[in-house]
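Peer 1: Submitted below is the structure of interest, expressed as structure tokens.
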Amino acid sequence: YPMIPLSSLFTNAVLRAQYLHQLAADIYKDFERTYMPNEQRHSSKNSPSAFCYSETIPAPTGKDEAQQRSDVELLQFSLALIQSWISPLQSLSRVFTNSLVFLTSDRVFEKLKDLEEGIVALMRDLGEGGFGSSTLLKLTYDKFDVNLRNDDALFKNYGLLSCFKKDMHKVETYLKVMKCRRFVESNCTL
């Protein structure tokens, strides 16, 4: 196999993370428009279902905090976040039919697996083959609930989609911070 330059690995990982974050935001908005009346949107943001597992790991919450962490730590956090979504996203297409969510859900899973492979490749290239991330976030998110006629199921899915969007934003931020730190570019904005 030809060696892929580190800059290309970072570029590919950032592009995948940006794509996943945008897709997560689109799916969240589509779900909100389709299933959540306005008055329920605000109350659900404060419900326990809006709690994200990723909030239990000591991951940076923004770019300023991310800049204080090593690349290896940021890759470990990114990998842990991605792996926590692999199982739940396998069931996403069975939950939502006849919508943007259904049309994109299989792509989300494929892109997530691609990003996981990219991060593993970055860790390998940076000499972090130990994959210590498994200790960071052993929890994985629940599967999406198929019964959309039930309010509890709607709130659960809404909360999961909100967490997925937040987590993909974190991964995107971490990868951009690392790329900007390693490869000085004139258009490097966070």
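Keep in mind that glycine also has a Cβ here, set from the backbone N, Cα and C atoms.
These figures come from a predicted structure and were not determined experimentally.
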Peer 1: Which of these, CYS163, CYS180, shares a disulfide with CYS52 in Swiss-Prot?
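Peer 2: Candidates were CYS163, CYS180; Swiss-Prot matches CYS52 with CYS163.
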Peer 1: For CYS163 (disulfide bond), just count the other CB atoms lying within 10 A of its CB, please.
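Peer 2: Result for CYS163 (disulfide bond): 24 neighbouring Cβ atoms inside 10 Å.
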Peer 1: Going by DSSP, is CYS180 (disulfide bond) part of a helix, a strand, or coil?
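Peer 2: Helix, per DSSP.
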Peer 1: State the count of C-beta atoms found within 10 angstroms of the C-beta of CYS52 (disulfide bond), not counting that atom itself.
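Peer 2: Around the Cβ of CYS52 (disulfide bond), 18 other Cβ atoms lie within 10 Å.
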Peer 1: Taking only the Cα atoms, work out how far CYS180 (disulfide bond) lies from CYS52 (disulfide bond), in Å, as a whole number.
Peer 2: 28
